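Taken from TrEMBL, the feature transmembrane segment applies to 32-53, 60-80, 100-119, 131-155, 175-193, 205-226, 238-256, 276-295, 356-376. Here TrEMBL flags 49-374 as domain 'Cation/H+ exchanger transmembrane'.
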Amino acid sequence: MNTTTYIEDCRPLLFNISSNGIWENLKSPDVIFGYSLPLMEIQILLFTSVVMAHMFLRCIGISHIASYMIAGLIMGPQLFDLREKSTWKLSLDPIMNGNGPLRSFSACGFMMFTFLMSLRTSRRVVFNNGPLPVVIGILTFIVPLVVGLCFRNVLDDNINPHYMPPKKALAERTVIIATQSSILLPTITYFLSELNILNSEFGRLALSASVINDILGVSFIVLAYSLGTYKNMSHSTAYIDLIAVIIFFLLVFFVVKPAAEWIVQETPENKPVANIYVHAVTLTVLGSAVYTTVFHMKYVLGPVMIGLVIPEGPPLGSALEAKYEKLTLNVFLPISIAFSTMRCDITRIVYELDDILYNIFLMVLTIALKLVAGIAPCL
């Protein structure tokens with residue numbers, strides 16, 4: 001079955017769905033991946049193998065995350081290069097990119113993962129642990145960020161323009177420093193849950209410090225994105241984006257939070273929350289991701305904020321976890337991690353070591369400083 005699509009200059013683009021099998025071209029059997037259905041089937045098969053691979057890797061002590069990353073590296077440029085081969089198989093039209101379904105699953109996986117992990121965070125526990133987690137949260141962000149930015153321009157004269165324009169390379173260094181200075185709350189929640197210490201004294205301290213660090217990190221990222229828009233796009237767009245983010249935070253705290261608390265109050269004790277409320281929250285999470293994306297922010301910002309303001313535990317929080325946790329952790333998250341890792345070409349570490357060596361140094365520096373800044377207040 002073929003369909004023809006016309007774009008602006010009226011060029012016909014054949015978009016093939018079903019193939020005649022590998023016998024269509026015995027000299028080049030991979031021609032079947034120029035059809036959308038076989039391409040989707042092989043992608044599903046490979047990612048099913050990703051999930052099943054952990055069944056064997058866990059026997060030698062390899063964690064879920066590491067298993068999915070290993071699978072992503074195998075399917076990356078080192079071996080199968082699935083992402084690159086899928087890109088132009090269906091059509092030359094970028095809208096019909098063969099990686100579209102995988103990219104959608106990956107984005108959905110990260111959205112639901114960050115939402116569910118934020119949902120597990122107890123606000124009562126996080127904000128009632130004294131001044132120590134506040135100090136740790138501030139120091140673990142400020143110290144590596146400030147020191148890292150001091151080293152950002154070192155050796156900038158040695159940047160190879162063929163590898164990356166100097167201006168873009170400096171921007172890349174800034175992103176590395178900022179991201180390594182931040183502590184992602186959903187990730188910390190996930191690891192603490194896996195270690196079964198989420199509700200321990202150490203777990204509460206780690207969560208509290210992570211929330212403070214995350215608040216600073218989100219504020220810095222919002223300002224950095226706005227500044228980038230101000231310089232590279234237009235002044236008015238930057239102002240609109242900043243105002244839109246402020247409006248979003250106001251809506252979260254003064255509309256979404258009271259609505260979630262009202263749902264909890266309206267649900268009879270020991271009764272499950274109505275499905276319509278669960279679906280409404282899910283649509284709100286997806287809508288928040290779209291909203292932040294439209295205004296040039298990271299799409300996970302919305303789900304994180306929605307997850308933080310919804311009361312944890314029964315009836316609403318537990319209902320959301322019961323409905324989406326297994327699907328997210330067993331299907332969406334493996335696809336998200338593997339698809340992200342597929343973009344990594346580890347051979348570049350060998351061939352372009354001189355160009356990326358300083359970036360590796362910045363990563364190690366910021367991580368070491370973050371570790372020292374987190375331990376020092378506890379001594």
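Note: Cβ is positioned from N, Cα and C throughout, glycine not excepted.
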How about the transmembrane segment (276-295) with the transmembrane segment (238-256) - do they touch, taking at least 3 C-beta pairs under 8 Å (6 or more apart in sequence) as contact?
yes
Six or more residues beyond either end and a Cβ under 8 Å away: which residues meet both conditions relative to the transmembrane segment (60-80)?
46, 49-50, 53-54, 194, 333-334, 337-347
Most CB pairs under 8 Å with the transmembrane segment (175-193): which of 131-155, 205-226, 238-256?
205-226
Hey, which bits of the same chain come close to the transmembrane segment (131-155), Cβ under 8 Å, at least six residues off its ends?
170, 173-174, 176-178, 180-183, 205, 208-213, 215-217, 220, 358, 362, 365-367, 369-370, 372-374, 376-378
Tertiary contacts of the transmembrane segment (205-226), as residues 6+ beyond its ends and Cβ separation under 8 Å:
121-122, 125-127, 129, 132-134, 136-138, 140-142, 145, 174, 178, 181-185, 188-189, 192, 198, 238, 241-242, 245, 296-298, 301, 304, 374
